[in-house]
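The structure appears below as structure tokens.
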Amino acid sequence: MSAATRITVSAEHTYDVVVGRGLLGELPALVGPDARRVLVLYPRALDATAEVVRVELAEAGYEAYAAEVPDAEEAKTAQVAAFCWGVLGQAGFTRTDVVVGLGGGATTDLAGFVAATWLRGVRVVQLPTTLLAMVDAAVGGKTGINTAEGKNLVGAFHSPAGVLADLDTLATLPRHDLVAGLAEVVKCGFIADPRILELIEADPSAAMDPASDVLRELIERAIAVKARVVSADLREASLREILNYGHTLGHAIEHAERYQWRHGAAVSVGMVFAAELARLASGLSDDVVARHRAILTSLGLPVTYRGDRWGQLLDAMRRDKKTRGDLLRFVVLSDVGAPTRLEGPDPALLAAAYAEISRDVTPGSNRVEL
Ligand SMILES: NC(=O)c1ccc[n+]([C@@H]2O[C@H](COP(=O)([O-])OP(=O)(O)OC[C@H]3O[C@@H](n4cnc5c(N)ncnc54)[C@H](O)[C@@H]3O)[C@@H](O)[C@H]2O)c1
Ligand SMILES: O=C(O)C(=O)C[C@@H](O)[C@H](O)[C@H](O)COP(=O)(O)O
Ligand SMILES: [Zn+2]
């Protein structure tokens, strides 16, 4: 078995993202000696693992609790956060106690938010169990929930005490969820690490194989990109916006689909839109735009969206966090590995870029794509 890899993030404090197998034994050390109580938040798919984690913590001497939260995006609501605050209150959690997020990005976003808000901030340890959560959601301290108006509109920056990305957990992850996670890996390739793109182009099947060395290298490279960016700009004053590549339209699609599309699938379409926008607005080469479509399609990710939703999507994009006043702002590329910003693009350009990715709405076309 190969040794674990440690990727360090230096943000509010310094912590490691550990990538490897059989990492559970490291959890008590991350929870730390000051805690007496620990609450593990998890979705139903992880109930057996949550019990193993709870027992491990109890055997290490903690008062260990586990609470199931709703699956996927259903977890990211004010009601679910309030339920978690109730559990913490009733168990008497103090400022030295700890929350653990066990699951995909929805669970780790919720757990981080609950930890950020309980007593104005307690320690959180993240145990990501999806590819997406390992490479992105559990790393970097963005936590949050959705509101009726949009995605991640309420949240806080709250860095974890540590992240244990146990590759063994990917064995049970449904293929569509693994593929959705690859969209964020591809994002890291386009904004910062072209080697990621080459690895996927060379062998897309290996990239989708949870047991492959190729996927492990992709995971480590994507985490390294995120760690570098977050270490330089935790609060998204500027540089961190590049991690939002593809998300302006992506989040709008998720909202329009009432979160029945996976985040990574929506971001996939959003990246092709951003590439088309950059081609029209600032001359991104046809080759780089085509490379977006080729790589994402090779992984089975969607690259088009329904043509009749433009008005609704534009409306949702106005609530994106990168918007300033009435000025829509997009992360775009001037080349692979060279992200920049496009501010207040001409509405006609936006519509033209959308026309390049939109498809006819025929009966049945509103199905869930991934
Ligand atoms: N905070 C950030 O920086 C950040 C970054 C990227 C994405 N996100 C957020 O992450 C969320 C998407 O995360 P996701 O793609 O992990 O989705 P998810 O959390 O909804 O998980 C996907 C599905 O996989 C199941 N699952 C999780 N682990 C499993 C396992 N090991 N075996 C079997 N089933 C498993 C879950 O129960 C769920 O049904 C979105 O809400 C997105 O906004 C946050
Ligand atoms: O970490 C970041 O910064 C990102 O933008 C990573 C994204 O992949 C992620 O989906 C994030 O939650 C989006 O943040 P938001 O600020 O647009 O809500
Ligand atoms: Zn994302």
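Placed from the backbone N, Cα and C atoms, the Cβ positions cover glycine too.
Keep in mind the model is a prediction, meaning the values are calculated, not measured.
What TrEMBL says about this protein:
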- 68-178: domain '3-dehydroquinate synthase N-terminal' (DOMAIN)
- 71-76, 105-109, 129-130, LYS142, LYS151, 169-172: NAD(+) binding site (BINDING)
- 181-323: domain '3-dehydroquinate synthase C-terminal' (DOMAIN)
- GLU184, HIS247, HIS263: Zn(2+) binding site (BINDING)
Quick note, ASP71 (NAD(+) binding site) and HIS263 (Zn(2+) binding site): C-alpha atoms separated, nearest Å, by 14
Apart from the site residues GLU184, HIS247, HIS263, the 8 Å Cβ neighbourhood of the Zn(2+) centroid comprises LEU132, ASP136, ALA183, LYS187, GLY246, GLY250, GLY264, ALA266, VAL267, GLY270
Out of the binding-site residues THR108, THR130, THR169, THR172, the residue with the smallest number of other Cβ atoms within 10 Å is THR172
Candidates GLU74, THR108, THR172, HIS247, HIS263 (binding-site residues) with CB under 6 Å from ligand 1, in sequence order, are THR172, HIS263
Spatial neighbours of GLU184 (Zn(2+) binding site) among the binding-site residues GLY105, THR108, THR130, THR169, THR172, using Cα within 10 Å, are none
The most crowded of the binding-site residues ASP71, GLU74, GLU184, judged by neighbouring Cβ atoms within 10 Å of its own Cβ, is GLU184
Rounding to whole Å, the Cα atoms of HIS247 (Zn(2+) binding site) and THR108 (NAD(+) binding site) are apart by 19
Long-range Cβ list for GLY105 (NAD(+) binding site), cut-off under 8 Å, min separation 6+ in sequence, same chain only, gives PRO128, THR130, LEU132, ALA133, ASP136, ALA137, ALA138, HIS263
Reduced DSSP state (H/G/I helix, E/B strand, rest coil) at GLU74 (NAD(+) binding site) is helix
Of GLU74, THR130, THR172, the binding-site residues whose C-beta sits under 6 angstroms from any atom of ligand 2 are none
Averaged over the domain '3-dehydroquinate synthase C-terminal' (181-323), the pLDDT of the predicted model comes to 98
Once DSSP output is merged into helix, strand and coil, THR130 (NAD(+) binding site) belongs to coil
Simplified DSSP label at HIS263 (Zn(2+) binding site) comes out helix
HIS247 (Zn(2+) binding site) has its Cβ surrounded, within 10 angstroms, by a count of other Cβ atoms equal to 26
